């Protein structure tokens, strides 16, 4: 049975308006999720325009088919059930050589967090899962119970930036010697045991960073985003745009770096002009990230950490 997707779209108008949508253009929503961005983008297209929507979660696609039904009936939407790291290959299969714009809403979606059985949330007791693609083999259970101490420390530091990574990895090792760690609640309690009292008093759940680290590892989120954003920039038509929403510093740093590399060039001294093959292919539409408005922050608590970066194709 299809579960309802209750998802408040973050930075909805900013993300799509910054794409400067051409009514007859070809667009991609790389992270379909609750279909809010897709629906708003489609409202700006004529019947000659087309949207390709990616998601590796069948539940998201099932719900989007209902929400976007009027546009589907007009033949304006193609759903692609796959990880967006395969963006270029899947679009080529569909006969698409270039696109006029693409948007990303990175990270886990609100419905995935809210569905207890998906095992993403430290606030709800559930089996350790955290797979965005439920057909994938690697789960949070595998990471927590089978990764050795050094691998746990590596991902906790790298993806969670938690200063207690070593102590938490050691405590996990000790706990699983007694019995496997099977649920989100068990893991959260182990993490709490490690954190000093002053850390537990801080705003935010003490397990947040470790859960983020495990989720990123399970889904290879940063690796997939890196590959996909580079493919997207390659596929953009001249004057095409890319919008990327991030929710934590790792995603934002990655996006900022990819945009910087594509929009700057190191020209050897003494060259009278910049050769075509050295010209930057992108330019930043906004130098600083776009943040949610005060009204959105008040209405949607999950928008607090959101940042939007936008770039435009200026050279093929």
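Please read every residue number as a count from 1 along the shown chain.
Just so you know, glycine gets a Cβ as well, placed from its N, Cα and C.
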Could you look at 20, 55, 135, 148 and say which one Swiss-Prot places alongside 35, 36, 37, 84, 105, 112 in the S-adenosyl-L-methionine site?
55
Using DSSP reduced to three states, classify residue 36 (S-adenosyl-L-methionine binding site) as helix, strand or coil.
helix
What's the number of neighbouring CB atoms sitting within 10 A of the CB on residue 55 (S-adenosyl-L-methionine binding site)?
26
Have a look around residue 105 (S-adenosyl-L-methionine binding site) and count the other CB atoms within 10 A of its CB, chains all included.
26
Can you check which residues sit near residue 37 (S-adenosyl-L-methionine binding site), meaning Cβ under 8 Å from its Cβ, same chain, 6 or more apart in sequence, and list them in order?
9, 12, 15, 16, 29, 31, 103, 105
Long-range neighbours only, meaning 6 or more apart in sequence with Cβ under 8 Å: which ones does residue 112 (S-adenosyl-L-methionine binding site) have?
57, 118, 120, 132
Secondary structure at residue 55 (S-adenosyl-L-methionine binding site) (DSSP, helix/strand/coil)?
coil
I need the least crowded one of these binding-site residues (35, 36, 84), counting other C-beta atoms within 10 angstroms of each C-beta.
36
